[in-house]
Structure formats: C-alpha cells, structure tokens
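Enquirer: One structure follows; several queries about it will come next.
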C-alpha cells in the first residue's frame, strides 16, 4: 500500500519537474541530448534458468574450501521477498529485527535437508544444496536460476564444517552485498550492516573456536537493488585462510 | 551509478534535471564527470545525461558543454589532435542491458567551426544476462606501448577491460573483454613506473549526503591484471586501497579521472555526491594526486591559515629580511640545585618587533625557523574571481599585517607594505605528487614566463622555472 503510494507520488513529481524544466533544458544548448536507441545486442550465453551454470547441485561427497579457504558449499533457502528501496537502510537494528522476524527457525544449529521446505511468514520456501563454482556465492545467480525475485530479498544459509581437530582463535571473515548476519554453533558471530559491497574479508568476527567435528554456520543475507552476493572463510590468528576443514550439507 | 530500483531512478532523473538547470548558471553541478580535458585553453568535462561544464581557468565552471547521445558517465581523452569521447548509452538500465560508444571531435568547444562529432561506434555491450553492465567507461592510452585501453562496468558484476584502436576509436579487431574487478564502477586505468593502476568507485551513489561512494585502487604489472591492493587482495575479490573518501562537507567522491599537468603536478577530477555547502548537490571536484609508497592518494586542497613556509631544500623557513630580535634567555645553571618555580616565557610578539622594521618594501630570506613574527605567513583566498585547475589564487601576507608577498619584474620576490590585489601579489599553490607544494605568482610583471618560488642556495628566495626534480622548487606549509 505504501509502496504504491510512493510510486504515484514519485511519478507526479517527475512529471511536474519535467514539465517545468523541459524548456530550460532545450534553451541551455545541451546538444542533441536525446538517448539514442540501443543497438541490437545479441545474447552472449545461455539464459535458461538453470542452477548448473553457476552451481553444482546436491553433491554427496565432502568438499574442502577452495584454494583461498572460501566456503563454496551452502544450503540455500529460496528468497524471502522484501520491499527494499535502498541498501543503506540496513542498520544494526534493522538487520536484527528483520532476521528475527523473517526466520525459519530460532534454533540456529538446525541443519535443513536438501529439498525440504519451511515456512517464513506466509511463504513456503525450499532448501537447495549447492556448491558455488566461484569463490563467492552469487545469490543473484541463484534466484535467477530458480526463477525467483532477484532484488529485494532475504536469503537464509546453512553449512556444516567438519574440523579434524579443535582450532582456537579463528575469525570468521565475510563480505556481502549488502547486509548480513552470521552465527557459529548457535552463537552470533558477526554482523555486516550498512550498504556494503561483496569484498573478501570486509568484516571479521571476534576470536572464535572451531570445535573438533561438526560446526554449524548459519547466515542471512539481505539485499535490495543490486546483485546479492557473499563470500565467507575462516582466518587463523595470523590472518591465514583455514583450509584443513571439510564442508558438508549435514 | 548503482543500486537503484525504479523509484530511485525516478528521483535521480528528476534531480538530474534540476541539477542540469542549475549547472547553466555558473556552478559546478555535475554527476559522473568525464576526466577534465583541456582544449584551446579552456577546460571541459561531460556528465550523465548529456551536456557538460566548461571553465576558462579550471576553477570557475559553467554549463555549455555539448555531448550528444544522452546516456551516462562519459570519458574523454585527447589522442593526437582529436578528442575521443566515450559514453554509456544507458544510465545503468534496470535490465543491465547497455552499450559503450565512442565518437571523435576535433574540438570540445561547441562554438568552434570545427566542432562536429563523428558517428558513434559501439565498442562494448552487455546483453542483460551476463555479469556486467556496459556503462561507466574509462580510457587510458598506455604511454609505453601507445595501446588504447578501456575499462567499463558497474556494481552489477565485473569491471571489464577491452582494447580499442587508437586510430579509429573502435574495438581492436579480435579483442575479447577481460574481467579485472568486481562490484566496482566508474573505473579507469593509470600507468606509472611500471605499474598499471586500476582506479574504481565502490559504495553507492545517487542518495545525496547518504551516498557512500569512494574511490579505491589496485595495481598490476600486467594490463590484464590481476589488480591487487595494498594487502594483496585482488580487485576480483573486492579489493582496493582507498584513494579518496568523504572529506568534511564533501560527501561521496567517485568517478576518478587522472590529469597530468606536468611532471610532478597531477590532479584528479571527481564528483562529490553531495556538497553540503552547495545545497547538497552533486558537484565537480578537483584534487591533487599524491603518490605515496607507490600508491595514488588524494592530496589536500590548500587550507587557508597561518603557516611557516618551509623550503624543502634545507628546511629553512621563508622570512622577512629584517633584523633578528633576541628573546630573553631563561635561567641556565645546569646541574645546580634550583627550586625556583617554573614560569612560562612569552613568545615574541609582532608588536615587539614590527616597530623596528622598515615601512616600505622589504626583501625576503630563507632562514632558521625560530617561530618569530617575521617568519609566519597568513595565506587566504584572494579577493579575486580567477583561479587555476583545482584552486583559487591566494594572497600571502605576513601574519598580523597586510604586508604581501609579491613577484617583481626582475623575477625576484619581495614584500610590499599592503596587499592591493594586483596579479603579481596572487599566488597559485599546487600540492605536488610527492606531497610537497609548488608556489607560483599569477604573473611575473612584464614577463610571460611561468615561474615558481624557489630557493637559490639555502637562504635566498627567488623566482625560476619549476623543476620537480629539485627540492629547490618545493615547499611545505607547517603550522607555526
């Protein structure tokens, strides 16, 4: 309702301003100025909605992080649709409130099953087990592939890290477009608030402990306009990526 | 431009119309400016939506630039005796379908009979599905090879590199785009000392004082990358070292353009998303480029104030050639027991010494800086409407007086009893690429020569041709 009102108001403003100033524009010798039609632009690749272009689906074998320690394996929930005009609304309070309200489970150690569904609000959403083919996990590609909204989305994420031994004083490191929160074994690890770009190691957690065996990471990424995207890895106390771990969906 | 849904695009377009209107009344209002280019003694920059700004001196800008094609975020480079103008056909369309076009003109002056754009040619496209949006071009002519490179793209995926034919401005035959960065926009390349630098804008635009735009840089030995930042992070992973961010009331700098005026004197053209002092409008900005440890960083726009003017040659300070007046010497007696209370000693004041100075013209020296009244200079924006690329002319007076620094017809420098505003009393101050400063009179009387304040020997200030390789030509401003 509000959104509709805003659009109407904006269009009215636009028309009024355009009308008032069209003559001025012409008079100020801006040159031809008019936008030329785009030339024919042939498609350069496969545009079908398929996950396999950017992801490997449902692999059952354990996987190591990539050569730089980035975690490419995630259980990804279909996007929760959000009405977001600008990403700079992602304050700390906004993220905490939104992730609490639009949550599929308050148990942050739960590991969903690939293909299962959960309800968030009145939306029934499905989990996908995916390995990204790049160091980052591009949620725009994900939502395009499953033919869901690409902008104005909240996406929940889960992955399981298996550590051969306990590792102390590690830091979770992430970058995302645009806001996100991350939990390790049920505890909040870090928050990326504000209008951020997907920058490797943009934010790191305080020192954490990866226990021997399974560790569960939960994430939530939210984005309005632009390409929702994130990358996560763990760094040791010297800032070196941790790679002697394996990733699974369960 | 980035991160706008339909509503934001409408707001932006409405604002752009308003800003374009204001730009025609003599203010530097622009968004996504092309690298400032000089043509026949005037400066030009073009922006999003068509049109552009012109300046007679590089300081005062007004509308009147003409760039057809609409679209967004152009760039300009002079190649031979022609100007290649490059622009994106869209302003970052919601479907990310776009094209980069190039066109030539013999002049940027729309009043010139030679002013005529060639038919634009397409050099890059994005099909709306690929991980790139073909807008925001930036162009560089490689000084080592003569090859012409163009980067383009926005926050939507990758920034890409292509090679153009410098003779035609078209895409070099067989060239394929190379990804060089991610989540950047408004990129451009700079070559220096064996390194290629990729400068690009991060953050978000088009939200006035809430815009988070900032310019970052990575570098590579190869034009095709990888471009790494100061901590070894690739720009394909979002890396980048800060070049310029918000400063004071100037919010959200973006769209870096590199301007080399001469050896040691480099500037960047940018826009600020909002200048709070100018109604929060998007304005053109010009800052010095300083190279520090092999990285470019924005220098400082000179700030008015009272300074020691220190010669880099030896570290002496510029001073009035008057008698040195001793201060009282405090108690000494090292090693002797003394329980007298410690009292501060008053610094020497202007009133203590000025009565002993001549009242007419007084010469200058460069001497040991002792924080004395004859060594402190107050530098303020001169009451003069002219300037140079990136700054106004300044008046330099001895602190607490109206006694002004002035150039003479015989290429020397003196002080006159009172500032009168004549051109030889106006001074240009440029921060150099090593962070020091060049000081130049606006004119040397009866001379067409462009001279700078230099140190002859350690102690004699004079005017001579500027030589960036010599510390004689360089100065620092220190708070006394």
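Note that the numbers count up from 1, one per residue, in the order the chain is shown.
Each Cβ is built from the backbone N, Cα and C atoms, and glycine gets one as well.
Okay, these came from TrEMBL:
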- B:32: active site, proton acceptor (ACT_SITE)
- B:185: active site, proton donor (ACT_SITE)
- B:374-454: domain 'Ricin B lectin' (DOMAIN)
- B:1-23: signal peptide (SIGNAL)
Enquirer: Could you give the Cα-Cα distance between the residue listed as 'active site, proton acceptor' and the residue listed as 'active site, proton donor', in whole Å?
Expert: 11
Enquirer: Please state whether DSSP places residue B:185 (active site, proton donor) in a helix, a strand or coil.
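Expert: In three-state terms, residue B:185 (active site, proton donor) counts as strand.
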Enquirer: Take the domain 'Ricin B lectin' (B:374-454) and count its residues per DSSP category (helix H/G/I, strand E/B, coil), listing them in that order.
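Expert: Going by DSSP assignments, the domain 'Ricin B lectin' (B:374-454) contains 5 helix, 37 strand, 39 coil.
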Enquirer: Mind looking up the mean pLDDT for the domain 'Ricin B lectin' (B:374-454) in the predicted model?
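Expert: Its mean pLDDT is 96.
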